[in-house]
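**Student:** Can you read through this structure? Questions will come right after.
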Amino acid sequence: MDHPALNTAPLLGTVLQAGKPTQLLGCPAPAKLNLFLHVVGRRPDGYHLLQTAFRLLDWGDTIDLRLRTDGVIRRTNAIAGVAEEQDLVVRAARLLQQRTATTLGADITLHKQLPMGGGLGGGSSDAATTLIALNRLWQTGQSRAQLQTIGLELGADVPVFVFGEDAFAEGVGEQLQALTLPSAWYVILSPGVSIPTAEIFSSKDLTRNTPLIKMADFAASTTHNDLQTVACNRYPEVQEAIDWLSNFAPARMTGSGACVFAEARSEEQADRITKSCPPRWKAWKARSLARHPLYEWLQ
Ligand SMILES: C[C@](O)(CO)[C@H](O)COP(=O)(O)OP(=O)(O)OC[C@H]1O[C@@H](n2ccc(N)nc2=O)[C@H](O)[C@@H]1O
Ligand SMILES: Nc1ncnc2c1ncn2[C@@H]1O[C@H](COP(=O)(O)OP(=O)(O)OP(=O)(O)O)[C@@H](O)[C@H]1O
């Protein structure tokens, strides 16, 4: 498929008398990959302690936000499989409204591109972009750290998108250290199944005792994704996709699946691999993103 370049220049829209934007259109919500994912323990509340490396991609959803002065928050378009009240963009907006006690609201339009239940963090990234962009639209003055804390209430994957850089993560994924990685092209393959994250984490077959590694040691050869074995046993399509992609480059699953990925040697190789993908699956190429496109919107 063509490289789906992520719009990195949201439109500020018309300006109020006070110089404040009334709409932010095309706000990017990039996908992530988990380059590796080790489950190293479990908290008393059932959440798992992880070590993982997050890589941001220049491919994702986009969100339009239009200011409302009546405090109402609503999603303006239908998204198959996600009811408005459950949508992380609506929940993120309501949480920020509540925490900052703003009287403002928003109409939110979500342009969904990322497969759901794909391990690409789509819903989490949508939530993070909503927090960052509404913080600007509503002028609610939250810092990056404050938005990361609010984001964690919505999901373990939300903070890294607010953090806005490739990161080595620990805890449940919220303890983040910036990671400097060389730029790279990836092929991402969706085997056409949607995998609920909770199902994989709650499996009795999941190993939860991978020894801790140091951030400096996370080279692909010494790491793996603990969730992959469980996902492949339950969803054979994931293993098939890994086997196929492994013909070209080392391949593994991202997050709790279902998508799998491999680093390509070049954009040309990524093109060749995506073009030869069997028709029963979808494949995309994507480039690493050094920083979240909205990084500068937070200090
Ligand atoms: C698999 C990853 O995508 C890796 O980045 C994340 O750990 C998942 O993050 P997420 O989708 O934002 O997950 P959440 O919405 O917070 O949690 C979904 C479910 O996954 C399980 N969960 C999630 C994260 C974690 N560290 N331990 C868990 O056990 C919990 O059962 C939770 O009910
Ligand atoms: N804006 C949203 N986009 C996608 N899914 C959403 C959204 N809001 C709520 N959801 C719910 O979250 C579920 C997981 O979707 P998502 O695409 O984020 O999974 P994922 O890529 O596996 O995420 P992660 O890598 O964070 O586990 C969906 O099946 C859907 O029910």
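Backbone N, Cα and C atoms are what each Cβ position is placed from, and that goes for glycine too.
Those TrEMBL annotations? Automatic predictions, nothing curated.
I grabbed these lines from TrEMBL:
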type	residues	note
ACT_SITE	K32	active site
ACT_SITE	D157	active site
BINDING	P115, M116, G117, G118, G119, L120, G121, G122, G123, S124, S125	ATP binding site
DOMAIN	88-164	domain 'GHMP kinase N-terminal'
DOMAIN	222-274	domain 'GHMP kinase C-terminal'
**Student:** 10 Å Cβ neighbour count around G123 (ATP binding site)?
**Tutor:** 28
**Student:** May I have the DSSP-based helix, strand and coil counts for the residues of the domain 'GHMP kinase N-terminal' (88-164)?
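**Tutor:** Counts, helix then strand then coil: 46 helix, 7 strand, 24 coil.
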**Student:** Restricting attention to the domain 'GHMP kinase C-terminal' (222-274), give the mean pLDDT.
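**Tutor:** That region's mean pLDDT is 97.
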**Student:** So which binding-site residues out of P115, G117, G123 are up against ligand 1, CB under 6 A?
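**Tutor:** Close enough to ligand 1 is none of the binding-site residues.
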**Student:** How many Å separate the Cα atoms of G119 (ATP binding site) and D157 (active site)?
**Tutor:** 10
**Student:** Just checking: which of the recorded positions K32, P115, G117, G123 have a C-beta under 6 Å from ligand 2?
**Tutor:** G117, G123
**Student:** Roughly how many angstrom lie between the C-alpha atoms of D157 (active site) and G117 (ATP binding site)?
**Tutor:** 13
